[in-house]
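Asker: Supplied in structure tokens, the structure appears directly below.
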Amino acid sequence: MSDRKKLYIKTYGCQMNVYDSERMAEALGGQGYVETQSPDDADMILLNTCHIREKAAEKVYSELGRFKGLKAEKPDLKIGVAGCVAQAEGEEIMRRQPLVDLVVGPQSYHRLPEMEAKARSGEKALDTDFPEEDKFERLKSRPKAKRGPTAFLTVQEGCDKFCAFCVVPYTRGAEVSRPVDRVLAEARDLVERGVREITLLGQNVNAYHGAGPEGETTLAQLIWQLDKIDGLERIRFTTSHPNDMTDDLIEAHGDCAKLMPYLHLPVQSGSDRILKRMNRSHTAESYLRLIERIRAARPDILMSGDFIVGFPEETEADFQATLDLVEAVGYGYAYSFKYSTRPGTPAAERPQVPEDEATERLHRLQALITRDQRRIQDAMVGREVGVLFEKPGRQPGQMVGKSDYLHAVHVTGPVESGALRRVRITGSGANSLAGELI
Ligand code: 5AD
Ligand code: SF4
């Protein structure tokens, strides 16, 4: 029997949290922890939290409450809260939920080994600093396990945009880009471990301006560097801000074969009045013109976006402008949210839209988005696409992977995980496409 301690991590929120959870598991791996999929046999439970919307934080508190019985049975069990709720409400969490031994913010999780030791000795450990040192560097040289074919790689963190609704600039801090050589070293390491597709992550990934051999480097220049790595077949990036879609990045979408034809470019609203109130510094019109330029470079690109409905003072006419914009773009994917008041953000103090009105708008928007999503997915039938296979499907002999456009595709046939193959799409189901190998 192994005497290694077991770590259970539950991840909420965005892909950057998924990446952070992997790094936290590696950091605690150095302390003798192995990951487990069940909280019941864990020696340490970490909730990597998200603070972007109200319910996310409430879910964390109710999840913590559920561990009460477990902790009573196992007094040595340590419970930690990480991520953006930890950053925003660290002290409050310690007060409100005495079960919690450890609270670590997203900028200090490289200090987890020391914090774990402190928690083991019976003390509470709290760290929500924004330290100077490079946490990614501090986390290097961990055991190099084999990986699946896709991976995230955080290249940029934080945000200086201060949209009036958003907590990110407060929980993740100011915009910081990782140096080019470190990103490339991590990418090469991932490829050696079996990765074929890398998604570059950042809260504002296209604001990337990492230090490189020739000075400040744009995201497009970074992508062209990654393009040279043999064995890396696909590159994606998320999330982008319309104002940082530079000419070289638009061109890369046309010229770089490894850069996949999918772009997540949140606009939030189609009303210029609301966009202004949101502090978005672009208009609906400038966004539509931008998409025209991107489509000129890469006509088949699949667009994705984020929307907020019921932002303070949003009228029916403002909302109609959002519907019009959605009609005009035709999103292959889109995520829509009801505005949620975030304490400390400028919009929190403004007159709120009644809850039932916001809910009704959300339903109307989602119906429109679903219609377009469906239409675009169905239109894939008969087309030939690249698919990177990841894992066996539900049916015997089935394998599933993602198309260039990020649709899930399943085929029946002899194909291995990690294989990138041409596939003809033969059918479109509820959440995935069916295809056959060419
Ligand atoms: N309320 C609702 N949605 C929000 N988002 C960010 N902050 C809020 C908020 N306070 C949404 C935005 C963003 C996505 C990640 O979450 O649409 O693009
Ligand atoms: Fe938040 Fe994105 Fe706006 Fe930054 S650009 S404040 S992360 S919504």
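Each Cβ is built from the backbone N, Cα and C atoms, and glycine gets one as well.
When I checked TrEMBL for this same protein, it listed these features:
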{"type": "DOMAIN", "residues": "5-121", "note": "domain 'MTTase N-terminal'"}
{"type": "BINDING", "residues": "C14, C50, C84", "note": "[4Fe-4S] cluster 1 binding site"}
{"type": "DOMAIN", "residues": "145-375", "note": "domain 'Radical SAM core'"}
{"type": "BINDING", "residues": "C159, C163, C166", "note": "[4Fe-4S] cluster 2 binding site"}
{"type": "DOMAIN", "residues": "378-438", "note": "domain 'TRAM'"}
Asker: Give me the long-range Cβ neighbours of C159 ([4Fe-4S] cluster 2 binding site): same chain, 6+ apart, Cβ under 8 Å, in sequence order.
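Answerer: The answer is C166, V168, P169, R172, A174, E175, Q203, N204, A207.
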Asker: Other Cβ atoms within 10 Å is the metric here; tell me which of the binding-site residues C14, C50, C84, C166 scores highest.
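Answerer: Per the Cβ count within 10 Å, the most buried is C84.
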Asker: Ligand 2 is in the model; which of the binding-site residues C14, C50, C84, C159, C163, C166 have a C-beta less than 6 angstroms from one of its atoms?
Answerer: C159, C163, C166
Asker: Indicate whether C84 ([4Fe-4S] cluster 1 binding site) is helix, strand or coil by DSSP.
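Answerer: Looking at the DSSP assignment, C84 ([4Fe-4S] cluster 1 binding site) belongs to a helix.
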Asker: So which binding-site residues out of C84, C159, C163, C166 are up against ligand 1, CB under 6 A?
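Answerer: Within range of ligand 1: C166.
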Asker: Which ones in the same chain are close to C163 ([4Fe-4S] cluster 2 binding site), with CB under 8 Å and 6+ residues apart in sequence?
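Answerer: Sequence-distant Cβ neighbours: Q268, M278, N279, R280.
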Asker: Taking the domain 'TRAM' (378-438) alone, what is its mean pLDDT?
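Answerer: Residues in the domain 'TRAM' (378-438) carry a mean pLDDT of 96 in this prediction.
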Asker: Note the Cβ centroid of C14, C50, C84, the recorded [4Fe-4S] cluster 1 site, then list each other residue of that chain whose Cβ lies within 8 Å of it, in sequence.
Answerer: Y12, G13, M16, N17, T49, H51, I52, A56, G83, T171
Asker: Using DSSP, tally how many residues of the domain 'MTTase N-terminal' (5-121) sit in helix, strand and coil.
Answerer: 63 helix, 24 strand, 30 coil
